[in-house]
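Peer 1: In case it helps, TrEMBL gives these features for our protein:
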- LYS240: active site, proton donor (ACT_SITE)
- GLY10, CYS11, GLY12, GLY13, VAL14, GLY15: NADP(+) binding site (BINDING)
- LYS141: NADPH binding site (BINDING)
- GLU225: L-homoserine binding site (BINDING)
- 172-370: domain 'Homoserine dehydrogenase catalytic' (DOMAIN)
Amino acid sequence: MKTIPLILMGCGGVGRQLIQHIVSCRSLHAKQGVLLRVVGVCDSKSVVVASDVFTRGLDDAFLTEICRVKSSGSSLSILGSKGGECQIFSNLESVKKVVDIASHLGRTTGLTFVDCSASSETIEILNQAVDLGCCIVLANKKPLTSPMEDYEKLVSHPRHIRHESTVGAGLPVITSLNRLLASGDPVHRIIGSLSGTLGYVMSEVEDGKPFSQVVTEAKCLGYTEPDPRDDLGGMDVARKALILARLLGARLNLDDIKVESLYPAEMGPDKMSLEDFLSSGLSSLDEGIDERVKVASSKGNVLRYVCVIDGSRCHVGIQELPKDSPLGRLKGSDNVLEVYSRCYSKQPLVIQGAGAGNDTTAAGVLADILDIQDLFS
Ligand SMILES: NC(=O)C1=CN([C@@H]2O[C@H](COP(=O)(O)OP(=O)(O)OC[C@H]3O[C@@H](n4cnc5c(N)ncnc54)[C@H](OP(=O)(O)O)[C@@H]3O)[C@@H](O)[C@H]2O)C=CC1
Ligand SMILES: N[C@@H](CC=O)C(=O)O
């Protein structure tokens, strides 16, 4: 049986769903000859680790308890040591402990860091993990959209990194692009709708629902980032665009991308709390969006938040598109990407399907972990 030891960073909607998938797929994985051994789970303040990471992981009952505690909104630090089977470390100590485990397991049994946080702070640990021979799997886009130097370090061992869920959640976007590029088929243009949240919001407001109501629904459905302004301001789509553009070889940074925001600067995270934005800011945007939807509709068009990557130029923003165009027909949280390359020059390669949600995202992360099993014994 191959064993893949892993440390999960982030135990929110996606991280918890990943734990549930791992636990419920135990017998399937056993038939495939693979065991996923979760040796540690981190939230923003603490890490829970198995007492002997060389031989044991956290057991399934305890992993389920971790999910219960985190879904109730508590910190991992309230968990006990479970009769000595695990240890809990907080704040700076937790970072030291995680790096310590990486230095022991990285070059022996191997270790995979799975980043399901939404933080830009994980980049330091991830870069250390890479230096220590560990693999990394990310749903978190922020480390991959850090300055070029950090990015290049992170992806310096291509066999050791997987990040399919960073674009299109569980859709095979990165894999498909890598296959085209590896076969010498250069991709020169990608156009698409890459936000599950904005896809859902734009298609729901067409039916006359208020913008604030559908954004709140998207948040409840697990489509939005922890702060939905990341989606509504276009930054989440810009990050996806940057990830794809860098994959295609462009040496761009986030501020090279032109981004259209759906809210004004005075409602930004530096000026308004998330609570105020959700309780009052959001509804003040209803009228303006409704007006734009009506103007588009009077011309037989709909609004879509579109990402265009053309050579090394990227821009993301609202476009008015015919109702019966591929992007105009999108419904719900679906993403669609049209990829133009030498082989797909007139008719693009089209990838479409659910582009957000905890279940599909966590499934994409799980598939990434299984995809690196050859590096483990
Ligand atoms: N939902 C979706 O459809 C998709 C999501 N993603 C990505 O998945 C990631 C997770 O999203 P989601 O689960 O919704 O986010 P949540 O906000 O629900 O969860 C984030 C988790 O990360 C933890 N965390 C924060 N900072 C750190 C840190 N420095 N180290 C370790 N853990 C940390 C938080 O801890 P605490 O509990 O203490 O706050 C929390 O447990 C995001 O990056 C998102 O962009 C990608 C594709 C689709
Ligand atoms: N908030 C994102 C989640 C996936 O990356 C989206 O809405 O697409």
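Each position is counted from 1, following the chain as shown.
Just so you know, glycine gets a Cβ as well, placed from its N, Cα and C.
Given the structure is predicted, the values throughout are model-derived calculations rather than measurements.
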Peer 1: Taking each of the binding-site residues GLY12, GLY13, GLY15 in turn and counting other Cβ atoms within 10 Å of its Cβ, which one has the fewest?
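Peer 2: It is GLY12 that, of the binding-site residues GLY12, GLY13, GLY15, has the fewest other Cβ atoms within 10 Å.
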Peer 1: Could you pull the average pLDDT for the domain 'Homoserine dehydrogenase catalytic' (172-370)?
Peer 2: 97
Peer 1: Among GLY10, GLY12, VAL14, GLU225, LYS240, which recorded positions lie by ligand 2, judged by Cβ under 6 Å to any atom?
Peer 2: GLU225
Peer 1: Could you round the CA separation between LYS240 (active site, proton donor) and GLY15 (NADP(+) binding site) to a whole angstrom and send it over?
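Peer 2: Taking the Cα atoms only, LYS240 (active site, proton donor) lies 20 Å from GLY15 (NADP(+) binding site).
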Peer 1: Quick one: what's DSSP say for GLY10 (NADP(+) binding site), helix, strand or coil?
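Peer 2: Coil, per DSSP.
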Peer 1: Taking the Cβ of CYS11 (NADP(+) binding site) as the centre, how many other Cβ atoms fall within a 10 Å radius?
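Peer 2: Excluding its own Cβ, the number within 10 Å is 26.
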Peer 1: Work through the binding-site residues one by one (GLY10, CYS11, GLY13, GLY15) and name whichever has its CA nearest to the CA of the residue listed as 'L-homoserine binding site'.
Peer 2: GLY13
